[in-house]
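Reading through the structure tokens given below for one structure.
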Amino acid sequence: MDMVASDNVYAPLYAPFFGFAGCALAMILSCLGAAIGTAKSGIGIAGIGTFKPELIMKSLIPVVMSGILAIYGLVVAVLIAGNLSPTEEYTLFNGFMHLSCGLCVGFACLSSGYAIGIVGDVGVRKYMHQPRLFVGIVLILIFSEVLGLYGMIIALILNTKGSE
């Protein structure tokens, strides 16, 4: 009996679909979180720009932090894509593991971007009236950013499980 690659129960032909889905979801959801954070905090920055233009540069911190979220998704997507090859056998375990990596970093960055956007918008508006709030706002932004970092760390740990 001739064995074909698709006859392997542990590496069916549809297994790479889950890996590609994980790669795509890591980028899509992370960039969506970055876009939400940038848009929401950008509204606040545009609002204070007409009253106090000198505060705009200090108020860009939420936008920069939101952009970093997309980098988290990019790192995980590149690692997942590096494990995909048309010539090597790809198991269903690796497919599900890569899907969970993408979902983990994607949803973590999505929620982080939403939090950064809300804190950035309200924080920038209140900072215009009370400059002493700056340190507190930055601390809250850091805690919001760390949510996305946690998702990336878990995705990296999961990704190493497939390489063993």
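The backbone N, Cα and C atoms fix where each Cβ goes, glycine too.
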I'd like to know whether Pro53 shares a side of the membrane with Thr91 - going by the topological domains in Swiss-Prot.
no
DSSP-wise, what's the residue breakdown of the topological domain 'Lumenal' (81-98) into helix, strand and coil?
9 helix, 0 strand, 9 coil
So which residues does the topological domain 'Cytoplasmic' (120-136) touch in its own chain, when a touch means Cβ under 8 Å and the partner is 6 or more beyond its ends?
37, 40-41, 43-45, 47-48, 51-52, 55, 58-59, 61-63, 65-66
Mind checking how the topological domain 'Cytoplasmic' (38-59) divides into helix, strand and coil residues in DSSP?
17 helix, 0 strand, 5 coil
Just to confirm: which same-chain residues, 6+ apart in sequence, have a Cβ under 8 Å from the Cβ of Glu145 (site 'Essential for proton translocation')?
Met65, Ile68, Leu69, Ser112, Ile116
DSSP assigns the residues of the topological domain 'Cytoplasmic' (120-136) as 16 helix, 0 strand, 1 coil
